[in-house]
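Marked as domain 'Histone-binding protein RBBP4-like N-terminal' by TrEMBL: 17-84. As annotated by TrEMBL, region 'Disordered' applies to 209-233. For 215-227, the entry in TrEMBL reads compositional bias 'Polar residues'. Annotated repeat 'WD' per TrEMBL: 240-282, 285-318, 334-367, in sequence order.
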Amino acid sequence: MKDKTEKAGEQPPTVDERYTQWKSLVPVLYDWLANHNLLWPSLSCRWGPQFEQATYKNRQRLYLSEQTDGSVPNTLVIANCEVVKPRVAAAQHISQFNEEARSPFVKKFKTIIHPGEVNRIRELPQDSKIVATHTDSPDVLIWDVESQPNRHATLGVNNSRPDLILTGHQDNAEFALAMCPSEPFVLSGGKDKSVVLWSIHDHVSTLAGADQGETKSPGSGAGNSKPSAEGPTVQARGVFQGHDDTVEDVQFCPSSAQEFCSVGDDSCLILWDARAGSSPAVKVEKAHNADLHCVDWNPHDVNYILTGSADNTVRMFDRRNLTSGGVGSPIHIFEGHAAAVLCVQWSPDKSSVFGSSAEDGILNIWDHERIGKREDGASRKAPTSPPGLFFRHAGHRDKVVDFHWNVADPWTIVSVSDDGESTGGGGTLQIWRMIDLIYRPEDEVLDELDKFKSHLLTCS
């Protein structure tokens, strides 16, 4: 929803006041919303494959984690999610939820005992039952979640055995993780200031027990540290050096498995081309005024790259013109958050739309094509939203640590927040879709409303 801008001298609303206002508007702003109170915090949420289509809803896998306090093991969770189709849910039903309850739309399907807490989950686009995870170690763990056995998370049980362990980092790699959309490649960044690339091409079809290509047994000396879990290891295809501090996020170019980008705590955005060697192809100094936390590359137009930072902004860069005077020169700076931006992602449904989530508990939806287009209409209304911002999801009450657009269900988003203290649990998972009148073309919406108006007049 769009917040009212505070008048000069007025105090901004408290988190609870903002949430109460948001919940009162759920029937107006949302086509569908499911609220799921988590038992343990999850630092990541990702859509898996859709496996059933019905008249009024679809069923789809959802990947989550459980970051526990040590009384039970950390887990990777595979859930079955029922996604209600557009214009099916009744407005009064989607707003009547209990913040402290589990949602009937989200059911745990399988539990994997994970070696260490799960910091990030990424699925392989060509086969989304293949999942990569980051934990507090130098290794990337690969899981075939459908073939992994279901485990009971009780204290003292052995860890599940990953299908592959990717080695190559010299220090912990905790967050930066990406899977290539065109080839079975994996990309990671870590505290060793390196970006590391792997190919799992030879192992995707026969992950468990594969003994070919670059695979070595755990005791064969692959990598420079003891793997964080038992399982076959794969050595790096390439190690790329250019950052001066921890690499916080990485992303592949959607049109090339050999090109990728990374951001880090050195305030740099770096573009890489594996065909040209292990040095940066382009290094953008001072891409932001603080640490960079996240990056995404537009799947519809490969010239556009988004970055999010601890300076509370999202910046959009054109790779054809990245710098000016030796520092980053973004096309636009999006200012709509009151705290550090944690996650940015382009929409799969419209090339100019993207989302951003932050430590302020807000998930903003932007359309960069709207910048400058509604000045005349907006000038009659005071005050206006930040340029490009057209929807504000305020259903979380603490930092929104991750979100993911659903490729199988247009305009549907899953988001997760670390707001356990407010909800009496481990955090909040929400699956939601804004009402289509908000994002559809204006003339199309007016035509529909006109037909509705005519129908009412006829009935009267």
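Cβ from N, Cα, C; glycine included.
Mean predicted confidence for the repeat 'WD' (240-282): the pLDDT average there is 97.
Under DSSP, the residues of the repeat 'WD' (334-367) split into helix, strand and coil as follows: 0 helix, 18 strand, 16 coil.
Taken through DSSP, the repeat 'WD' (285-318) splits into 0 helix, 17 strand, 17 coil.
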